[in-house]
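Q: Here TrEMBL flags H79, H177 as substrate binding site. The feature divalent metal cation 1 binding site is assigned by TrEMBL to D96, D107, E234. Residues or ranges marked as divalent metal cation 2 binding site in TrEMBL: D107, H170, E203, E234. Annotated compositional bias 'Basic and acidic residues' per TrEMBL: 255-273, in sequence order. The feature compositional bias 'Low complexity' is assigned by TrEMBL to 286-298, 308-326. What TrEMBL lists as domain 'Peptidase M24' is 12-241. Taken from TrEMBL, the feature region 'Disordered' covers 255-326.
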Amino acid sequence: MTVTIKTAEDIEKMRIAGRLAAEVLEMIEEHVKPGVTTEELDRLCHDYIVNVQQAIPAPLNYKGYPKSICTSINHVVCHGIPNDKPLKDGDTLNIDVTVIKDGYHGDTSRMFHVGTVPVWAERLSKVTQECMYKAIELVKPGCRLGDIGEVIQKHAEKNGFSVVREFCGHGIGKVFHEEPQILHYGRAGTGMELKEGMTFTIEPMINQGKADTKVLGDGWTAITKDRKLSAQWEHTLVVTATGYEIFTLRKDDTIRAPRPDRTPTGHPHDRNVTRCPRWTPSCSTAASSRRNWPSRRAPSPPSRKPSARPARCSTSVSAVAAKSAH
């Protein structure tokens with residue numbers, strides 16, 4: 001497993017790409033409402049990325065993926081394809097955005113509530129975001145990937161939910177999906193040790209019911225087998241000398257990255273970063289570069305000592321071809 005350690009120049013360009021990806025989610029929030037279609041949301045995001053940010057929507061045309069964002073509703077776990085069905089009051093929606101700017105990727109997603117959602121849907125979304133935050137807060141040189149997986153799994157299961165096994169976070173930079181794979185389950189003290197300059201996503205997918213998923217006939221849309229709700233939150237970050245920095249932090253985020261190794265600036269909106277001007281949606285389109293969108297098989301976590309007790313995992317990862325989540 002070869003992991004690319006990013007240079008200071010790489011990291012600065014990833015800050016820009018991450019900031020742009022976060023801005024897309026901030027922009028689209030006011031448009032998420034009952035009656036709007038995910039196809040309309042895709043067009044708005046595409047036009048903003050291409051015409052305002054002068055960037056590329058990374059998902060478009062990756063291995064035939066037909067849209068610029070992923071929109072996963074209710075029991076859709078990830079990689080939902082935008083379509084012409086109107087959103088309904090009570091829907092939960094994940095929008096996953098990846099932007100390419102100057103050759104570098106920024107990847108992020110968040111949950112949106114359409115109108116008024118049930119209490120249990122709010123709780124699932126909240127716990128999933130907490131899982132992501134708890135994992136991010138562990139990140140620093142010397143932390144192991146198993147530490148990240150365990151804290152997510154424990155928090156999800158403590159709250160009565162399950163962790164999706166077939167999809168995982170991933171390294172990112174000039175390449176959309178690179179090493180390492182970031183599993184959202186595991187055992188503390190195992191797995192690769194994090195080093196300064198590593199960049200990757202943490203993007204837990206947590207199910208209301210069982211962890212089992214299946215991919216529909218379109219080859220992309222992953223759903224829960226029991227048709228119960230699923231939620232996902234995602235950030236792109238870098239391991240710093242003393243902790244972490246989140247490239248895709250938004251105004252609505254409640255986590256704040258410790259950054260004593262850099263000039264204190266607080267929230268990224270306080271940074272001297274060139275932001276896009278106020279934007280008015282348009283119907284223009286632009287072509288996007290075609291790239292390969294790799295699929296991955298998520299490895300099984302390190303095995304424990306032999307035990308008479310049966311394994312807790314209900315899905316055998318070794319038996320399922322896993323894709324890195326966007």
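Yeah, the Cβs are placed from backbone N, Cα and C, and that goes for glycine too.
Would you situate these features in the structure and describe their surroundings?
A: According to DSSP, H79 (substrate binding site) is assigned to coil rather than to any helix or strand.
According to its DSSP assignment, E234 (divalent metal cation 1 binding site) is in a strand.
A sphere of 10 angstroms centred on the C-beta of E234 (divalent metal cation 1 binding site) encloses 24 other C-beta atoms.
When pLDDT values are averaged over the domain 'Peptidase M24' (12-241), the model yields 99.
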Q: When you measure from the Cβ of H170 (divalent metal cation 2 binding site), how many other Cβ atoms are you left with inside 10 Å?
A: 25
Q: Taking the Cβ of H79 (substrate binding site) as the centre, how many other Cβ atoms fall within a 10 Å radius?
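A: So the number of other Cβ atoms within 10 Å of H79 (substrate binding site) is 24.
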Q: Could you round the CA separation between E203 (divalent metal cation 2 binding site) and E234 (divalent metal cation 1 binding site) to a whole angstrom and send it over?
A: 4
Q: Using a 10 Å cut-off on CB atoms, tell me which of the binding-site residues D96, D107, E203 is the least crowded.
A: D96
Q: Across all chains shown, how many C-beta atoms besides its own are within 10 angstroms of the C-beta of H177 (substrate binding site)?
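A: Taking all protein chains shown, H177 (substrate binding site) has 23 Cβ neighbours within 10 Å.
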